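A.B. asks: Handing you a structure now.
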């Protein structure tokens, strides 16, 4: 059941990212990727702030990063993340 809810949340996130129009502006196309920006730490939480049964130890230990060039080592791609108008891969371990 927890897996189903987690997968549903990731699917909804993917649909939301695809639904938002990506607008290319002159400034954006001129902007080069800055060094060090490919590894942005992301906090991932599920449920309400007071906690639910979803926030068990296995989910609290989930660490995710927004990466531009693919996941590293033991990480797996779990969707996408956005910084401004740029899309990155959401890599979690």
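Backbone N, Cα and C define each Cβ position, glycine as well.
OK, Swiss-Prot features for this one:
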- 64-92: disulfide bond (DISULFID)
- 66-81: disulfide bond (DISULFID)
- 71-91: disulfide bond (DISULFID)
- 23-54: region 'Disordered' (REGION)
- 1-19: signal peptide (SIGNAL)
A.B. asks: I'm trying to understand the geometry here, so how far is the Cα atom of residue 81 (disulfide bond) from the Cα atom of residue 91 (disulfide bond), in Å to the nearest whole number?
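C.D. replies: With the alpha carbons as reference points, the distance is 9 Å.
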A.B. asks: Can you see whether DSSP assigns residue 91 (disulfide bond) to helix, strand or coil?
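C.D. replies: In three-state terms, residue 91 (disulfide bond) counts as strand.
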A.B. asks: Tell me the Cα distance separating residue 66 (disulfide bond) from residue 91 (disulfide bond), rounded to the nearest angstrom.
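C.D. replies: That separation, Cα to Cα, works out to 6 Å.
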A.B. asks: Secondary structure at residue 71 (disulfide bond) (DSSP, helix/strand/coil)?
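C.D. replies: Residue 71 (disulfide bond) sits in coil per DSSP, no helix or strand.
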A.B. asks: List the Cα distance (Å, whole number) between residue 66 (disulfide bond) and residue 92 (disulfide bond).
C.D. replies: 9
A.B. asks: Roughly how many angstrom lie between the C-alpha atoms of residue 92 (disulfide bond) and residue 71 (disulfide bond)?
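C.D. replies: Their Cα atoms are separated by 8 Å.
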A.B. asks: Rank the disulfide-bonded residues 71, 91 by the number of other Cβ atoms within 10 Å of each Cβ and report the first-ranked residue.
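C.D. replies: That would be 91, with the highest Cβ count within 10 Å.
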A.B. asks: What number of additional C-beta atoms lies within 10 angstroms of the C-beta atom of residue 81 (disulfide bond)?
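C.D. replies: A 10 Å sphere around the Cβ of residue 81 (disulfide bond) contains 20 other Cβ atoms.
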A.B. asks: Measure from the CA atom of residue 71 (disulfide bond) to the CA atom of residue 64 (disulfide bond) and give the result in Å, rounded to a whole number.
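C.D. replies: One finds 10 Å between the Cα atoms of these residues.
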